[in-house]
Each structure stands twice: as structure tokens, then as C-alpha cells.
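Student: Here it is, the structure in full.
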């Protein structure tokens, strides 16, 4: 059978259910679920399987600003303008634990790769790290002097990167809790930052319309892209590390080839600002959300190398010059069969080397059940605390009544 040819990305599905701008999207580990948050204060969990009903989770009292699945996919964390974080079990019941995480809007939430902790960022100018079990506060990072829009763990969990309205990106050592470096090259508020899958570099998007890529070891600026005509709101690395996806207030999504330092595609799907983007864990799909209240799911198509092979060694982007020339512009929907060959895309699929499927499935199931069990215990503990508080209140009231009735 002939190897498949790379094609343009195609719009697979679009989900309608939010009643206000979509602020965040994230895929579960197995790509069976897609979560989205909105200014309408709700979370939606969409099923990639056709004709499946979505779950609507209501609990936050104000706009949902961020959402992230745990590495196992069995927990879902969300942050809100109501200053709280909720940890949900993403099933039909939609049970959650809630806690006040910050003194202002929670802008960002991200699980560590081991699932044991998560990091939050807030308009209160702090970055906080919490344990997943019981949502216990661990420590705070507080050198930013303006709102912190985004915070992410490195793939190995040793570093944290944060982006702020103070126009800086800060790199932190998780163990020492020290700021390792501040990147000050952006000319506007830094809206989003993330680690390359190799962990060797970071990319940040800004309200100055640019995307910058730095090496976290030498702190050198590797790449600078000035391709959007408005603020860059979000970005996502392809798991192979070869591509970067961006979303902008100019209503477009752009796919950058990091190996060649050039733009591959400009995608027009949203009416108004594109607010959020995320690749699936395999890179086969990506999702986008916008102020048009829509969630869109796209099939990547441009990277036809086998996933198992690609993920072995994600390569860091090459140090290249700035990029802003005349580049391919794709309008959607794409007519079937239309494809543009890209030299940088490999087209020979290779056999992945992996554990037996049954063993992988069993281990995933065990990890998932442990996550759910931990969360259920956490929910029960929270309910028990509430019951104890009520009981204490009742006893105090009873004592007051007794005192009043005693002559």
C-alpha cells in the first residue's frame, strides 16, 4: 500500500453548546474526550465519538478561564474568574471538589507529567503549586509585578515557566523555587507560554502580535515570528516538536514549521478572535475555540509520520532567523482531495515499538481507577468537613438555647 501523502488540515467537527466566548480547550489522553471552558461559567466535555451527548458541568460562579486533563485523563481541572479551582471526575455525574486558590482570577492550570501536582497562575500576580491529592497548597512563586496569564510545567516536571502582563516570561526551578531566568524581549503583555516536548526550549505568544522561541539552557532567542496582525492568545506544540500552532485575535490559526522556521498554514474558521488551541496527545487532531462560542476540531493531516516513531525523540527547533514573508494561506472548509505537498513532512510510516496493548490498557485502567478513587475520597472528605461544621453549629446553637432557658 502506498504511503499517505501529507495534505492540508481539515475541519472535522464543530461543537455548539457554549453561550459565550470559548476561553480554553484540552484533549484527554486517549482523545476520546475534549473539554472546553467558556465565559458562560460552564465547562463542556465533548465526546469525539459521533452522536454522543456532551456533558455540561456547572459549578463555577463566573467565567471559566482554563481547563486541563490529568495525564491519565481521569481527572479534569478548571480555573475561574470566581478565584476557585475545581477538580472534576469527567463522567455523567460531573462530581467535583472546589477550593479557593487565589485572591483574584485564576488564569491558568496545568498538571505535572506525573499527575501528582498541578500549577496555577493568577491575576493576584502569583504562581502556585498544589498537590493533586486533597489539593494541598505546596508553595508560591511571586516575582511577577503584574497579572500572570499562564504557567506550565516542563515535561520532566523540574522547571516551571510563567508568562505575565509585566511583559516577561520567567523560568523557575521547582526544587529550589528560585527564578532561573527572566526573558524580557516581548513588547507587550505575554499571554501564553509552553515547553517544547523535548523540554529544551519554550515558546511564548504576546499582545505585541509575535511568537518567540527561547532555549532554556542558554536562554538565547532561537526564533521570532511576526505573522499575526493582532494579539497571539494561545499556542500548542505538536507532540513531535516539529510544529507550533497559534491562535490570534486576527481570527486565524497558524501552523509553523519549527524545523524550517516558516509558516505552513493559515486557517480561517472562527468569526472573530481565536482564543485557544490545543493539539491532541497524539498530534492527529487539534482543537480551537473562539469568541464566536464555537469549538472546532481539525485533523492535522500535515504530519503523516507514525506517532510512536515521532515521539521517541522530539527534536528542538533549529535556531533560525525571523519569519514574516509571503506564505501559504488556506481558507476552510477544504475541498476533498485538495492537498499541498510540504517538503518538511516525512511520508514513510514506520512501525512503532510498544508494549503489548493489553498490558498498556490494564495499566492505564489501574492508574485511572486510582485517580478516581483518590478524587472520590477527596469529595467524601469535603462532605464530611461540611457535616462536621453543621454539627458544630447545631451544638453551639443548642448551648445558646440552653443558656437562655436556664433561669
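Every residue, even glycine, has its Cβ placed from backbone N, Cα and C.
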Student: From the ranges 281-317, 318-354, pick the one that TrEMBL records as region 'Disordered'.
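Tutor: From TrEMBL, the annotated region 'Disordered' range turns out to be 318-354.
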Student: What same-chain residues lie close to the repeat 'WD' (267-299): Cβ under 8 Å, and 6 or more beyond its ends?
Tutor: 9-31, 34, 36, 38, 44, 46, 48, 230, 233-240, 245-255, 307, 310, 330-332
Student: By Cβ distance under 8 Å, which residues at least 6 away from the ends of the repeat 'WD' (57-88) in the same chain are close to it?
Tutor: 20, 23-30, 33, 35-45, 94-111, 113-115, 118, 120, 122, 130, 132, 135, 364, 367-369, 371-372, 375, 378
Student: Within the repeat 'WD' (183-224), how many residues are helix, strand or coil going by DSSP?
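Tutor: Output for the repeat 'WD' (183-224) reads 0 helix, 22 strand, 20 coil.
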